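Here the structure comes first, spelled out in C-alpha cells, and everything after it is commentary.
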Amino acid sequence: SKQQASQVLVRKRRANSMLEETKQGNLERECIEELCNKEEAREVFENDPETDYFYPKYLVCLRSFQSGLFTAARQSTDAYPDLRSCVNAIPDQCSPLPCNEDGYMSCKDGKASFTCTCKPGWQGERCEFDINECKDPSNINGGCSQICDNTPGSYHCSCKSGFVMLSNKKDCKDVDECSLKPNMCGTAVCKNIPGDFECECPEGYRYNLKSKSCEDVDECSENMCAQLCVNYPGGYTCYCDGKKGFKLAQDQKSCEAVSVCLPLNLDTKYELLYLAEQFAGVVLYLKFRLPEISRFSAEFDFRTYDSQGVILYAESIDHSAWLLIALRGGKIEVQLKNEHTSKITTGGDIINNGLWNMVSVEELEHSISIKIAKEAVMDINKPGPLFKPENGLLETKVYFAGFPRKVESELIKPINPRLDGCIRSWNLMKQGASGIKEIIQEKQNKHCLVTVEKGSYYPGSGIAEFHIDYNNGSNAEGWHINVTLNIRPSTGTGVMLALVSSNNTVPFAVSLVDSTSEKSQDIVISVENTVIYRIQALSLCSYQRSHLEFRVNRNNLELLTPLKIETISQEELQTQLAILDKAMKGKVATYLGGLPDVPFSATPVNAFYNGCMEVNINGVELDLDEAISKHNDIRAHSCPSVWKKTKNS
C-alpha cells in the first residue's frame, strides 16, 4: 500500500539521539539499525579511505534484500542476521581471507587494507609466492653440499647416488662400495670413485660385467694398423712390410716409405759390363767360328776391388781344351789344359785396386803372352796350338765371369768363380766388340756403375746367407759372437745382421732405425721381438763410415765401441740372453742385409738394409762371394760413391 511504501523513507530518532551526535558513530546503530548515508558512514569510520571502501559495498548489501522484508526486520535486533552479517563483514579486510591459505600465518585488518603475515618459506603481499631457498644467493644451494630440492614453503637437501646424508641433513658422504662388497669386481680391481666405483683392468683388457673378469681387447679387429696388426694379451703391435720399402711411422700405427738419407751415385753405362750380375753362372756367353789360322786373343780394360774370381773362360767345341783367365790374390792367374799340356801360372802386379787396368792375353806360336798396361807380366810356353782347328775352322766358346758347371771339377786349382768387377773396351779374337755392346745395352742389370768405392753394397732388396759355427769348445761360455761392423747406410732403417733359427724365429738381430731426432739414426740390438740395447741418435748417414763392435755370450752383451746406450734391466737382459742361449744350442743361419721369409712380428725391424757394410764375425772378414746364397743385386766388393751435388743439380 502507499502507506507501507512510504515507510522506507521514514527515520525515527531514538531516545537521547542528541547525545549520540557527539560520539563516534557506531556501525550497528548508524547503518544497520538505521539507514545511513555516506556522511553518516564517515562518522563511523572517521576517515575517507575506509568510508570510500565501505559505502559502495553497503549499498550492495541493502539492495540484496527486498524492501518489505527490511521494514519488518528492523523491529528486532535478532531479526536481521543476513543484513547484519553482510554489513558487519564489509569493514573487515581479512574477510573473506585475502591471504594464500598455504602461505599465511595471520591476517591483520587495516584501514581499507590488510596485512598478511607469511609463514617461513613464503613471500608476497598475500603470501602467495614460495621462496626458493635453493637459489638464495646469500645461502648458496640452500647450504646443501649436493642436491637442493625446493618444496612449497620449504626445501630439503638430498644426495646423489653413491652418497649418504650426514646427520646435519646438509652434507653428503661418499659410499665406499669396494669396502662394502670386496668381491663385486671379481678378478678385476675395484676402485672407489666419488659416488660410484669402477672395476679396473690392466691396459689392453676390458671388464666383462657378466663374467666379472678382465678380457683381452682385440685391437686388431678395430683396424688400428695401416698394414699388419698382431694382437697379444694386453696389447697389440703394428708392423709394416719392410721388404716392400715401408717402415712404421712415429704414431706406431701408420706406415711410411723408408726414405733415403744419403743419396748414392747409381749411374751406369752400357759400355761397362758388370761381371757379378749372376751369383751363380756366367754373365755372357759368346761363340766364335774363325779360320783355322786364327789364334786365341783377348784384350780388355778391367776394374775391381775383388781379390779372386773368374774373368773369362774359353774352351773348344768338344771341351777337350780350355783356358781360364782369373784373379787370385789380386793377381792375374792363367790355367790351361789341352792335349799337349796342363799348366797354371799366377803373376804380375796386384790389380784389384779399383783402377782401370788394360789386360791382354794373346796366343803366340809357342807361348801365351799376358800383358798389363801393355807390359808383359807372364809368358807361358805351350808345345802346340791352344785349340785345335777342325774342318778348316777354329770354333771357340767364351764365357765371361764364370764357367760351365761341369768344368769346376776339371780345374787344376779350384777357384771361386764369382768376381765383382767391370770390363770395358773388350776385343775378343781380334773381332772387336763383335756386337756385344748391343747385347748389353738391352739389359740394364748387365751395366756397371760408373764410379765405385771399396766395400760391400746392399741395395735394400735382398740378403746374403752364411752358415757360421759360433761354438767354441775351448771357451767356457760355449758359444760367442764377436761382431765388427763398418757401415755407411743410404737409408735410415734396415736389418744389418740377423741370426735365424730353424723354426723361423730371430734370436739375435742388429738393425738400423730412424731416430726421433732429426737426421740421426739409432742402432738396436734385439732378441726376437725385444730390444735389449739401443744406441741413440747417431749421424750415420754421412760420407764417413761408422764403426760398431760388440761381443755376446750366454751371460752378457758388451759394446766395445764407446757410444751412449739405452738398455733394459739386468734381470730382463738375462731373460733375453737365456732365449738366445737356447737358440744358439741349435742350428742358426746368419743373414746380412735383411731377413728371410719370417713373420713380420719376428723382429722390431724387417726392412732390408741399404748401403755399404763390411762385416767381421769372430775374427773372420765375411766375403760375400763365399755366401751360401746372395741376392744378385748385392755387390760383394764394390760400393756406389756418394752422390755429389753439382751447381746444376
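Just so it is clear, glycine is given a Cβ too, placed from its N, Cα and C backbone atoms.
Here is what Swiss-Prot records for this protein:
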- Cys31-Cys36: disulfide bond (DISULFID)
- Cys94-Cys107: disulfide bond (DISULFID)
- Cys99-Cys116: disulfide bond (DISULFID)
- Cys118-Cys127: disulfide bond (DISULFID)
- Cys134-Cys148: disulfide bond (DISULFID)
- Cys144-Cys157: disulfide bond (DISULFID)
- Cys159-Cys172: disulfide bond (DISULFID)
- 174-215: domain 'EGF-like 3' (DOMAIN)
- Cys178-Cys190: disulfide bond (DISULFID)
- Cys185-Cys199: disulfide bond (DISULFID)
- Cys201-Cys214: disulfide bond (DISULFID)
- 216-256: domain 'EGF-like 4' (DOMAIN)
- Cys240-Cys255: disulfide bond (DISULFID)
- 457-639: domain 'Laminin G-like 2' (DOMAIN)
- Cys612-Cys639: disulfide bond (DISULFID)
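In sequence order, Ala188, Val189, Tyr207, Cys214 constitute the residues six or more apart from Cys201 (disulfide bond) in its chain with CB-CB distances below 8 Å. A Cβ distance under 8 Å defines the sequence-distant neighbours of the domain 'EGF-like 3' (174-215), meaning residues of its chain 6+ beyond its ends; these are 160-164, 233-236.
The predicted model assigns the domain 'EGF-like 3' (174-215) a mean pLDDT of 93. The disulfide-bonded residues listed here are Cys94, Cys127, Cys190, Cys255; among them, Cys127 has the most other Cβ atoms within 10 Å of its own Cβ.
The C-beta environment of Cys36 (disulfide bond), restricted to residues of the same chain at least 6 apart in sequence and closer than 8 Å, consists of Glu30, Val44, Tyr58.
Broken down by DSSP into helix, strand and coil, the domain 'EGF-like 4' (216-256) contains 7 helix, 16 strand, 18 coil. Secondary structure from DSSP puts Cys201 (disulfide bond) in coil. Annotated pair Cys99 (disulfide bond) and Cys199 (disulfide bond), C-alpha to C-alpha distance, rounded: 57 Å. Applying an 8 A CB threshold to same-chain residues 6+ apart, the list for Cys612 (disulfide bond) reads Glu453, Gly455, Ser456, Tyr457, Tyr458, Ile487, Arg488, Pro489, Ser490, Arg545, Cys639. The secondary structure of Cys118 (disulfide bond), as reduced to three states from DSSP, is extended strand. Listed in sequence order, the disulfide-bonded residues from Cys116, Cys118, Cys199, Cys240, Cys255 having a Cα within 10 Å of the Cα of Cys107 (disulfide bond) are Cys116, Cys118. All protein chains considered, the CB of Cys99 (disulfide bond) has 23 other CB atoms within 10 Å.
Closest in space to Cys157 (disulfide bond), of the disulfide-bonded residues given as Cys94, Cys127, Cys178, Cys185, Cys199, is Cys127, taking the CA atom of each residue.
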